[in-house]
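Novice: This is the structure I have questions about; it appears just below.
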Amino acid sequence: MLGFLSARQTGLEDPLRLRRAESTRRVLGLELNKDRDIERIHGSGVNTLDIEPVEARYMLSGGSDGVIVLYDLENSSRQPYYTCKAVCSVGRNHPDVHKYSVETVQWYPHDTGMFTSSSFDKTLKVWDTNTLQTADIFNFEETVYSHHMSPVATKHCLVAVGTRGPKVQLCDLKSGSCSHILQGHRQEILAVSWSPRCEYILATASADSRVKLWDVRRASGCLFTLDQHNGKKSQAVESANTAHNGKVNGLCFTSDGLHLLTVGTDNRMRLWNSSNGENTLELYSGSRDCNILAWVPSLYEPVPDNDEPTTKSQLNPAFEDAWSSSDEEG
């Protein structure tokens, strides 16, 4: 690191290269915090966690026992060793408690006064944090696997919901009803995620081995389906136009929204260009002995060796519209 600092001072190294090296060093040095503990409330496994983005102080947890717990992560004792206490919980005696396992909890992205939870009991519940009562309940015909609210939406209040059925359902918090359905997958929807860059772009992952990106303003189907072979036919025809060789059970956008990370039951993680669906061919694999997988994205593009001017990458029109610097242009 001292060598990087010296090279940076003399102008021999790019500042972003120094930043990336430090980020990598910190990630590789990650370990469990020995000074902080969490009060144990759940009687069985914890399926989902979410820390609110406003203050990063409160954390939600949802368990396989149907219980939801709210923790305060702040060290109010000012002691070097402390336990994060549970502020409140939706226990088994609560009248609105989920009957079965809680699969996803999420804070409302803009304040801590509301959060959502979904469960195997075929419901999505909207909670008032102050009263710990349900403000609304959405009922589905199938088991709910996941849901997600857009972290950047200002023009809609849609919650994307993935269920045991092949249809992605969009629930409107304003109207309290299911606004419309996205059809295209063949099996259950295991994960959904809104883009942090465009409020109308949604990614969905399914047990049919496919990942689709949607512009929810369009009624003509998805924008594109991710293909691990980038359009080149593989020897196994059945694997063509699929993201993984197995169920896709997780996905998330990078913080800038430019890339999408997916994970499947084939023990692979893949990184995709979210604007055109191209597989970057960055492949991550695990094994039975692999406990931690850390990923530090590249923070800059290498400069071409030739002097030819680079051309602007071709973005999907939906991304170009949503990412323009001004909505009043044109």
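Cβ from N, Cα, C; glycine included.
TrEMBL feature annotations, pasted as is:
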type   : residues : note
REPEAT : 95-137   : repeat 'WD'
REPEAT : 182-217  : repeat 'WD'
REPEAT : 241-282  : repeat 'WD'
REGION : 303-330  : region 'Disordered'
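Help me picture where these features are in the structure shown.
Specialist: Residues 47-55, 58, 60-68, 70, 88, 143-153, 159, 161, 163, 171, 173, 176 of the same chain, all 6+ positions outside the repeat 'WD' (95-137), place their C-beta atoms under 8 angstroms from a C-beta of that stretch.
The DSSP breakdown of the repeat 'WD' (182-217), given as helix, strand and coil counts, is 0 helix, 18 strand, 18 coil.
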Novice: Of the residues in the repeat 'WD' (95-137), how many are helix, strand and coil by DSSP?
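Specialist: Helix/strand/coil tally for the repeat 'WD' (95-137): 0 helix, 23 strand, 20 coil.
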